[in-house]
Number of protein chains: 2
Amino acid sequence: MSQSYRVAILGATGAVGTELLQLLEARKFPISELTLLASERSAGEVRSFRGEELTVEAVSPEKFDAVDIVLASAGGSTSKEWAPIAVKAGAVVVDNSSAFRMDPQVPLVVPEVNPDAVEAHGGVIANPNCTTILMSVAVWPLHQKQPIQRIVASTYQSASGAGARAMEEVKQQARAILQGQVPPTEIFPYPLAFNLFPHNSDLNDQGYCAEEMKMVQETGKIFAASDLRISATCVRVPVLRAHSEAINLEFEQPFDADEAREILKSSPGVKLVEDWQANYFPMPMDASGRDEVLVGRIRQDISHPNGLELWLSGDQIRKGAALNAVQIAELLVERNLLKASAPALAL
Amino acid sequence: MSQSYRVAILGATGAVGTELLQLLEARKFPISELTLLASERSAGEVRSFRGEELTVEAVSPEKFDAVDIVLASAGGSTSKEWAPIAVKAGAVVVDNSSAFRMDPQVPLVVPEVNPDAVEAHGGVIANPNCTTILMSVAVWPLHQKQPIQRIVASTYQSASGAGARAMEEVKQQARAILQGQVPPTEIFPYPLAFNLFPHNSDLNDQGYCAEEMKMVQETGKIFAASDLRISATCVRVPVLRAHSEAINLEFEQPFDADEAREILKSSPGVKLVEDWQANYFPMPMDASGRDEVLVGRIRQDISHPNGLELWLSGDQIRKGAALNAVQIAELLVERNLLKASAPALAL
């Protein structure tokens, strides 16, 4: 190993932070020093990394003084507060929040799709939203063959997107319902166990929620395809940690389903899961804990001559968040981009 | 009440049969005599109706000798076997199975959509599939205003569609998973609790499953719109008894979302559930046990100038099956159609 880096995880005790820690170890990321940062509330907790016990520290400005890379997954307002401080101190921030994603100066990167976008970073690189990452990995290889004109997506999103406590709440809800008791709803506005509801993020004037607009806008930015038309219906379902998506694609010309299948079979980050005899296709239980986005049920759309239907499941915490961030960090190391090449972001 | 009828429920002990019994009582269907029929296995079980205890009898030909209406919900092969016998004995069969739905001689009826279709019955009237009924009730009023060109639907289907034992299995699975045990999978091919999977009905050569093709073909028949193009992705989710559907509609001209909302506000069988401030829309937990299909999140589709998005939840056992069948029976009574007006079906 030629060089190693001083890494900080901001939001180290959350669901994504926990996964980041595991991935950095499993993927042997070249770390010389690892700092675990979180809010005052979580400071003092202990986490294990490469057999050592690390104590989580409360975030403060001086914590970024000797850090090369920050992997941030502590929510938008936390990133807005601390990313500028980290960048000013000389670190590159891979940010998992929505804070900077649509900033034209900030690259929004899915390594399987637009790795070159990292080159122009000004200190911050944004990790896309989970639903966007999973869809991008699955449909980009098809888009390369023939540009997609329109996407209509319906999501089946697990509790993990709302954090570790949300995952715990769904289990508590299920326990309560099975015992005939009233399910607790502290994190979610409604019971999610044995129920589901449209994603409860802020609604815009057009009636789309923030989660849906992330799929619409972020995919356009990552694909550099401003004319790609997307509609989405995002739904929270009682699954713990993998999202699924039903995706309807329209092309300008017919896209043969078998050709799509062949393309996806050898696409990076994709695992084709289709057993038509056994009626076996991607499922959250199989996607959980896996790096790849599981894609299957590729069909010619019988309602549109140029339509294609597909179905995917992907681990929301892993490829939908932590893994993609670590892959971006790996890309920065590979390309020797750990010092900003563009003017520092006006944060 | 002018007249009352001799009614038989075939499949009286199943999830839909149980609901039929409750609805016939609650809606005061004019019954002079009620016969509960089931397989040999369930014979002898006792059910209560209007305060009386009725014993479930094993189905046999002579059971139909003095029956005016049969409400059948015991599966396709059972209906194929017994419907001809019941019709020959002079009864009218409202059949909840898929056995006769696409038979051109058999009316396929959603009372809110095509009540007049009952007129031409030849002894059997088919009750559509649950997903089809729920979608039909919600989109027919819009189709009346401006013909729908294309539908892309994604479903979120509860366990009840696979019967009462399937509902029990999901609860058992959840209990097992919460205790760290292996979930049982007797009814479903895979664990459904905290998981989901594409509907496991037979796949055709185009890659569509039978459940999806029901939505495609049955909706076309009910709407008498053979050029209506439909694609669907049907997915089983860990919910007990209400289905939800994300529906993307394309029209020839733009369809104003507010106008759609106004239309649906006063459409039969529909309840508009939209609180944009509170982010409150149709959910299975609210649809369960209700007659109406809950419809909401009506939005202009930002990916298509003539597109409209909507979201619904409806009780699969009630409007998706038993209620629709009872409504058909009520229609037959109202229109005095309890003797076949068309030549008897060549069954």
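Glycine too: its Cβ is placed from the backbone N, Cα and C atoms.
Just so you know, TrEMBL annotations never went through curation; they're auto-generated.
The feature domain 'Semialdehyde dehydrogenase NAD-binding' is assigned by TrEMBL to B:6-121.
Mapped onto three states, the DSSP output places B:Arg41 (NADP(+) binding site) in helix. Around B:Arg41 (NADP(+) binding site), there are no C-beta neighbours below 8 angstroms that are at least 6 residues distant in the chain. Taken from TrEMBL, the feature NADP(+) binding site applies to B:Thr13, B:Gly14, B:Ala15, B:Val16, B:Arg41, B:Ser42, B:Ser160, B:Gly161, B:Gln316.
Secondary structure at B:Arg101 (phosphate binding site), taken from DSSP and collapsed to helix, strand or coil, is coil. Look at TrEMBL and you will find B:Arg101 tagged as phosphate binding site.
Taken from TrEMBL, the feature active site, acyl-thioester intermediate covers B:Cys130. There are 29 other CB atoms within 10 A of the CB of B:Cys130 (active site, acyl-thioester intermediate), with all protein chains counted.
The feature substrate binding site is assigned by TrEMBL to B:Gln157, B:Arg236. Around the Cβ of B:Gln157 (substrate binding site), a 10 Å sphere holds 24 further Cβ atoms from the protein chains shown.
According to TrEMBL, the active site, proton acceptor annotation covers B:His243. Annotation note: B:His243 (active site, proton acceptor) sits in a strand segment as assigned by DSSP. Close to B:His243 (active site, proton acceptor) in the fold, though at least 6 residues off in sequence, lie B:Cys130, B:Thr131, B:Leu134, B:Thr155, B:Tyr156, B:Gln157, B:Ser158, B:Gly161, B:Pro284, B:Ser313, B:Gly314, B:Gln316, B:Gly320, each with a CB less than 8 Å from its CB.
When secondary structure is read from DSSP and collapsed to three states, B:Gln316 (NADP(+) binding site) falls in the coil class. The binding-site residues in question are B:Arg101, B:Arg236, and the one with the fewest Cβ neighbours inside 10 Å is B:Arg101. Counting residue by residue with DSSP, the domain 'Semialdehyde dehydrogenase NAD-binding' (B:6-121) contains 38 helix, 32 strand, 46 coil. Under 8 Å, Cβ to Cβ, and six or more positions away along its own chain, B:Ala15 (NADP(+) binding site) finds B:Ser160, B:Gly163, B:Ala164, B:Met167, B:Arg241, B:Ile317. Separating the Cα atoms of B:Arg236 (substrate binding site) and B:Thr13 (NADP(+) binding site) is a whole-number distance of 23 Å. The CA atom of B:Thr13 (NADP(+) binding site) is located 23 Å away from the CA atom of B:Arg101 (phosphate binding site).
Averaged across the domain 'Semialdehyde dehydrogenase NAD-binding' (B:6-121), the predicted model reaches a pLDDT of 97. The sparsest Cβ neighbourhood within 10 Å, among the listed binding-site residues (B:Thr13, B:Ser160, B:Gln316), is found at B:Thr13.
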